[in-house]
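S.K.: TrEMBL lists these features:
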DOMAIN    30-477  domain 'Major facilitator superfamily (MFS) profile'
TRANSMEM  23-43  transmembrane segment
TRANSMEM  85-104  transmembrane segment
TRANSMEM  116-134  transmembrane segment
TRANSMEM  140-161  transmembrane segment
TRANSMEM  173-191  transmembrane segment
TRANSMEM  203-224  transmembrane segment
TRANSMEM  286-310  transmembrane segment
TRANSMEM  322-344  transmembrane segment
TRANSMEM  351-373  transmembrane segment
TRANSMEM  385-405  transmembrane segment
TRANSMEM  426-446  transmembrane segment
TRANSMEM  452-473  transmembrane segment
Amino acid sequence: MAGGSFGPTGVAKERAEQYQGKVTSYVIIACLVAAIGGAIFGYDIGVSGGVTSMDEFLEEFFKTVYDKKKQAHESNYCKYDDQGLAAFTSSLYLAGLVSTLAASPITRNYGRRASIVCGGISFLVGAALNAGAVNLPMLLAGRILLGVGIGFGNQAVPLYLSEVAPTHLRGGLNMMFQLATTLGIFTANMVNYGTQQLKPWGWRLSLGLAAFPALLMTLGGYLLPETPNSLVERGLTERGRRVLEKLRGTQNVDAELQDMVDASELANSIKHPFRNILQKQHRPQLVMAVCMPMFQILTGINSILFYAPVLFQTMGFGGNASLYSSALTGAVLVLSTLISIALVDKLGRRALLISGGVQMIICQAIVSVILGLKFGDDQELSKGYSIVVVIFICLFVVAFGWSWGPLGWTIPSEIFPLEIRSAGQSITVAVNLLFTFVIAQAFLSMLCSFKFGIFLFFAGWVLVMTVFVYFLLPKTKGVPIEEMTLLWKRHWFWKKVLPEAESNNSSV
């Protein structure tokens, strides 16, 4: 360790006030290109629900669901309950879970760009298989390759954005990933709305168009600069300095570079980051790495986004109306993410998470009450109540879009010291994909069993996560990424959890 300038976990000397630089076109372009990885993730979330509501797709691959859908006496809540159909959606996320753990050493040892390129290539191949699928095994193989692409992309892109962005705008620029995700969802909804008219092959076009953002992501991975943090970590300090000077638009980057050098010296002394992250000194970060992505999925948002067309058809909307309604929720999600980008570095992460949580609870409770009173197994909602349900689902999506949507990715990507950053991001993505897989696989069965209570189930979880944020998440606004460890040593709860030596180092 160099002259005691950092403690056992990351940088312990505050140099933030010495950081210099401005927002350069170099930073903006790098963030925009990298964020395309989010568009891939979003496009798949959006396209899956639309395709699984198309009769031609169901008739070719899921005949039992197609037959059940046509039976008028079938329960509204249970007509799509099929484990094979759920596996089509969820298999991607199981593959992503496994691949993100494999991506961690690649991201650490070969750089963030390497994982971005690997993810793009895998997604390209998966999209081609899906578009040309002639049987269920070929369809699932394509989904698995898409999952590998998402695992690599989601592991590397948030890290890339956090490390390239200047400290005072890190929250907003990091949210480019979530903005791209929401644009991907909206684009997929609009594509589905158009391709449903192209019978019987419209679903192939919907699935195949995923290759477009994948191609952009692959090319971007080749053309982007590597992050200075990654270059310094791999011993390429001078090259890292040149990239940092371009990103900040000034040659006076000594303070920020020194933080990276200090952090990289410790990072390179850690040979087993996954083992190291389990140590008590990293307990706060580990808890956040598990809880933030878990809570993001337990808001229930993926259930609405995956199965929006199915959900709206279940409520009695016609085929066209259901896709139109899901496209509306996708558009709302994009707009609300823009609100979050504008406010996150002014109001902070905690304020957005808590306000968003309260609004989501209210909206889910209202939707549940309406469905419970006015919608049964064999009846449709009236037009008036249908409009009210769509309005409150949109208000729920708005709240998610400015809170847990972007911040569920932003906060974990910015809190880890460099020595465990790639391992921490892998855990974050793995937990996200694990719960995405579980909800995707179980939602149709849960809808059949819980009926309108499904919204109360998720509202209960939103209450839990809002309390969690209020008591356990410190303010990270404006804190340099390499000085984030200092927050936990000052927090009323986490300072009691950290080893004694950790607390003492906060005064260094």
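Just so you know, glycine gets a Cβ as well, placed from its N, Cα and C.
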S.K.: Please report, as numbers and ranges, the same-chain residues at least 6 past the borders of the transmembrane segment (322-344) whose CB is under 8 Å from any CB of it.
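M.R.: Result: 46, 49-50, 53, 171-172, 175-176, 178-179, 182-183, 185-186, 188-190, 192-193, 196, 304-305, 308-313, 352, 390, 393-394, 397-403, 405-407, 410, 477.
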S.K.: Please tell me whether the transmembrane segment (173-191) and the transmembrane segment (23-43) touch - that is, whether there are at least 3 C-beta pairs under 8 Å between them, with each pair 6 or more apart in sequence.
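M.R.: In this chain the transmembrane segment (173-191) contacts the transmembrane segment (23-43) - 3 or more Cβ pairs sit under 8 Å.
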S.K.: Taking the transmembrane segment (452-473) as reference, which of 23-43, 85-104, 203-224, 351-373, 385-405 has the most Cβ pairs under 8 angstroms?
M.R.: 351-373
S.K.: May I ask you to check whether the transmembrane segment (140-161) and the transmembrane segment (85-104) make contact, with contact taken as at least three Cβ pairs under 8 Å and only pairs 6 or more apart in sequence counted?
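M.R.: The answer is yes, given that the two segments have at least 3 Cβ pairs within the 8 Å cut-off.
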S.K.: Could you give the residue numbers and ranges of same-chain residues that sit at least 6 residues beyond the transmembrane segment (116-134) on either side and whose C-beta is under 8 angstroms from one of its C-beta atoms?
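M.R.: Cβ under 8 Å, 6 or more out: 34, 37, 40, 61, 99, 103, 106, 141-153, 156-157, 160, 204-205, 207-211, 214-215, 217-222, 224.
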S.K.: Near the transmembrane segment (85-104), which residues from the same chain, at least 6 beyond its ends, have a CB less than 8 A from one of its CBs?
M.R.: 44, 48-49, 52, 58, 61-62, 65, 115, 118-119, 122, 139-140, 143-148, 150-152, 154-156, 273-274, 306, 422-423, 425-426, 429-430, 433-434, 436-438, 440-445
